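Structure, as structure tokens:
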Amino acid sequence: ACKGLFVTCTPGKDECCPNHVCSSKHKWCKYKI
């Protein structure tokens, strides 16, 4: 299962949902700009 918006993630390890990216600053999934 992919991680949704604002779900905690580890950059380069966890998979965020399509059109989302793991923020290395906040350590959560956010929308790609």
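The backbone N, Cα and C atoms fix where each Cβ goes, glycine too.
Look at Swiss-Prot and you will find Cys2-Cys17, Cys9-Cys22, Cys16-Cys29 tagged as disulfide bond, backed by similarity to another entry. The annotation isoleucine amide is assigned in Swiss-Prot to Ile33 on the grounds of experimental evidence.
Feature map: Swiss-Prot annotations on the structure.
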residue	record	Cβ within 10 Å
Cys2	disulfide bond	12
Cys9	disulfide bond	23
Cys16	disulfide bond	20
Cys17	disulfide bond	14
Cys22	disulfide bond	20
Cys29	disulfide bond	22
Ile33	isoleucine amide	4
Rounded inter-Cα distance in Å - Cys2 (disulfide bond), Cys16 (disulfide bond): 5
